[in-house]
Amino acid sequence: MKSLQKGFTLIELMIVVAIIGILAAFAIPAYNDYIARSQAAEGVSLADGLKVRIAENLQDGECKGPDADPQSGVVGNEDKGKYGLAKIEGDYDASKTEAGDPNGCKVEITYGQGTAGDKISKLITGKKLVLDQLVNGSFVQGDGTDLADKFIPNAVKAKKP
């Protein structure tokens, strides 16, 4: 009488587990990088929100305006997001007139100081992204950035010569 084989052998199961382990070895670091990049992108959104404040302050010849005061309705020079804190920094340089020149105003984003607390990726916690505002109003990566290049959003990445 023939016996029918049912199920998988131990060797077959071990091979499947090994394949899953190899796939996970590649997938988990890639996923962690993806999470860090998406969290770092929030900083550029915060900086975009500060553009209006910078434009208002530039009418007074300065990058930074008065500090926040809820009593008087002054919104201040910083914006806190889920993963980071963006602050307006720098000194306005009125001599710059070309659209691609930095105007002296900067936005400094510090990751890990947002409302999410410990839910931020360890790959970007405590890192800074400094954005220089150009005369045309756009932002580009500035000096003082210590965020790894692979996490900097392409929209503001410094152009390599």
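Placement of Cβ uses the backbone N, Cα and C atoms for every residue, glycine included.
For reference, Swiss-Prot has these:
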type	residues	note
MOD_RES	Phe8	N-methylphenylalanine
TRANSMEM	8-28	transmembrane segment
DISULFID	Cys63-Cys105	disulfide bond
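In this view, Cys105 (disulfide bond) is surrounded by 27 other Cβ atoms within 10 Å of its Cβ, with every protein chain counted.
The residue listed as 'N-methylphenylalanine' sits 66 Å from Cys105 (disulfide bond), taking the C-alpha atoms as the reference points. Its Cβ taken as reference, Cys63 (disulfide bond) is surrounded by 22 other Cβ atoms within 10 Å in the chains shown.
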